[in-house]
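These notes are about the structure you will find just below.
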């Protein structure tokens, strides 16, 4: 008989409080450390993570993950892409035998492209997209995870293995032959039946966030049948998150599972009518995605109502992967600091609520939480603002095109980049020295001007048509603006994993947003003074600023987005006054916030489009507005991309083999567009044949008068030799394509 637990979290971060895994991975990749050292670092991190939950009575354990949980699952199931099969097994140094194929799939090799990468549901975390086919056969090998699990058991940790569930894995996979990944669902449940029986643990957790999305009834029937079989093992805990748990309960309640986890934050505490108290309800009442302190009194009241219906355990709404480790080392003004809870503070909140539910309430802690909630609610910095908004429309696109062609005088298939150029050690050093006050602001700005000199000169030498200043002064495309806008704060150590070794430090949007002074104008003016070619003004759009920040949850996102948009509108006006003829307002994250259920999508798409247009509609018709988008599965949002009414949209496309082109063609997209022809996420220089092929594919779907030639994304993370070589290929391909089409603008 499985014994219930009372307190846990859905999952834990893996990168390390000081980004230890990041640095170990990068050291291994560049050859400065051996595999044994990487393996040891990963083991130390999972031990530390388990120890952080010593006050809870059940500990989630996903093993040593070296890049991504979906990629881990593909490795365990033996379905890493076949093109990496020729990579030999790794030597026995503590890393899994398949680790080199695993890293090949994640990062690509000199000759093989990486797997596609996209956002995990509506979060800012990325996963590697599994590649399957109708002929895929699963070959189970969980030996590495089982070994890691035994190490935790030897340490006395009450660990439960955590797996990505069959429905979620297949729902997020793609096939290379057009078949439906979900056709493999019955077979994959059979594999999972063997997998979970191999764990010598009381509980096993299977994550199925796909169950909060729209799932076809016939698929839900298969899921119910599959989990009915898995439940016979005993101690099977199916966890859901990122949305209401009602559909999961309707599907899974009463089939013999030990526990079902539900998110009680994203859509609040819903009715959960299907739960009759037969299973342990793991109540995700502490927000795992955002950094605001929990209203402990309100949460406890909700938990008590649920506990009257059956057994419950207190948990987080999702894995703590999405929030920073701790507030402990942060120097944040006391008023706002009291409003916040990072990972370790959320673990404490779970413990406080579980104890209180058991009758052991910590009155002082509850009083402190109530005081913080009241302070945030009554602060002048969060008070509602009432104002009349300016218009959100420009002239017709045909009118704008005519004026812009005369103003810009660009060739056919104009070449450009997305914005950032390599953040070199000298740039990072200058920023660090400024932070430590070992150089003056004037010295720092002179160093940045020298970098801009280099970037402009390199672009002119390469023959690019529209230039950028390279953004050397920006540590991050959102954080840079957050540090210059009122209503935001930055953390010192608030790192979260974005993908693999890449970490980001999201700003905190805690109050009303405004722009006290111009933010980018002086850098644009300096860059434009160095060249006769057009230099783009570079801004980050309102939706992306929200998506990549921890955003206040005490007012509608639409209201906050409009506040950011008004600040950007002022900045655009100042850039135009300074001479900018092309201004790029990046919205790479516009799809990330798209709700997971169809019923919720129209409202989001309306306010996200409205906020972009509020930011850009003040630009005269002869000024060309660009936008850029990443990781966007355009079929779902193409009508909204058109509604943004940007003159040119650049899109990440190379890594997904130009799949975006079908959406563009079927939609009748008539605006300017630049589908990326160089995948900058893989550390390799594309061949001329590769870029020529992508550009030729683009020309078959897009009118040459609309088409721009550009990389997938910014070049911040790449090195100069690779950038120069790749851009040389890109520019030459564009020149040859111009000759073939024989067109000029």
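Cβ atoms here come from the backbone N, Cα and C positions, even for glycine.
What Swiss-Prot says about this protein:
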ACT_SITE  681  active site, proton donor
BINDING   19, 20, 21, 22, 119, 502, 503, 548, 592  5-methyltetrahydropteroyltri-L-glutamate binding site
BINDING   418, 419, 420, 471, 586  L-homocysteine binding site
BINDING   418, 419, 420, 471, 586  L-methionine binding site
BINDING   628, 630, 652, 713  Zn(2+) binding site
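Swiss-Prot feature annotations superimposed on the structure.
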{"residue": "19", "record": "5-methyltetrahydropteroyltri-L-glutamate binding site", "DSSP class": "coil"}
{"residue": "119", "record": "5-methyltetrahydropteroyltri-L-glutamate binding site", "DSSP class": "strand"}
{"residue": "418", "record": "L-homocysteine binding site", "DSSP class": "coil"}
{"residue": "503", "record": "5-methyltetrahydropteroyltri-L-glutamate binding site", "DSSP class": "strand"}
{"residue": "586", "record": "L-homocysteine binding site", "DSSP class": "strand"}
{"residue": "592", "record": "5-methyltetrahydropteroyltri-L-glutamate binding site", "DSSP class": "coil"}
{"residue": "630", "record": "Zn(2+) binding site", "DSSP class": "coil"}
{"residue": "652", "record": "Zn(2+) binding site", "DSSP class": "coil"}
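Taking the Cα of residue 419 (L-homocysteine binding site) as the reference point, the closest of the binding-site residues 19, 119, 503, 630 is 630. The residue listed as 'active site, proton donor' carries neither a helix nor a strand DSSP state and counts as coil. Of all the recorded positions in the record (119, 471, 503, 592, 681), the one with the smallest CA separation from residue 713 (Zn(2+) binding site) is 681. Between the recorded positions 19, 119, 628, 681, the minimum number of other C-beta atoms within 10 Å of a residue's C-beta occurs at 19. Summary of the L-homocysteine site environment: with the site residues 418, 419, 420, 471, 586 set aside, the chain residues having Cβ atoms within 8 Å of the Cβ mean position are 417, 468, 477, 538, 584, 628, 713, 714, 716. Least crowded of the binding-site residues (21, 503), judged by neighbouring Cβ atoms within 10 Å of its own Cβ: 503.
In this structure, the CA atom of residue 652 (Zn(2+) binding site) is 12 Å away from the CA atom of residue 586 (L-homocysteine binding site). Across the structure, residue 471 (L-homocysteine binding site) and residue 630 (Zn(2+) binding site) are spaced 18 Å apart at their Cα atoms.
Taking Cβ-Cβ distances under 8 Å and a sequence gap of 6 or more within the same chain, the neighbours of residue 630 (Zn(2+) binding site) are 588, 589, 652, 712, 713. Within 10 Å of the Cα of residue 119 (5-methyltetrahydropteroyltri-L-glutamate binding site), not one of the recorded positions from the list 418, 420, 586, 628, 681 places its own Cα. For residue 713 (Zn(2+) binding site), other Cβ atoms within 10 Å of its Cβ number 28. Neighbour density for residue 471 (L-homocysteine binding site): within 10 A of its CB lie 25 other CB atoms from the protein chains shown. Counting every protein chain shown, the Cβ of residue 592 (5-methyltetrahydropteroyltri-L-glutamate binding site) has 23 other Cβ atoms within 10 Å. Note on proximity: of the binding-site residues 503, 592, 628, the one nearest residue 418 (L-homocysteine binding site) is 628, by Cα distance.
On a Cα basis, residue 628 (Zn(2+) binding site) lies 12 Å away from residue 420 (L-homocysteine binding site). Around residue 586 (L-homocysteine binding site), the C-beta neighbours below 8 angstroms that are at least 6 residues distant in the chain are 418, 419, 477, 538, 539, 540, 541, 544, 627, 628. Rounded to the nearest whole angstrom, the C-alpha distance between the residue listed as 'active site, proton donor' and residue 503 (5-methyltetrahydropteroyltri-L-glutamate binding site) is 14.
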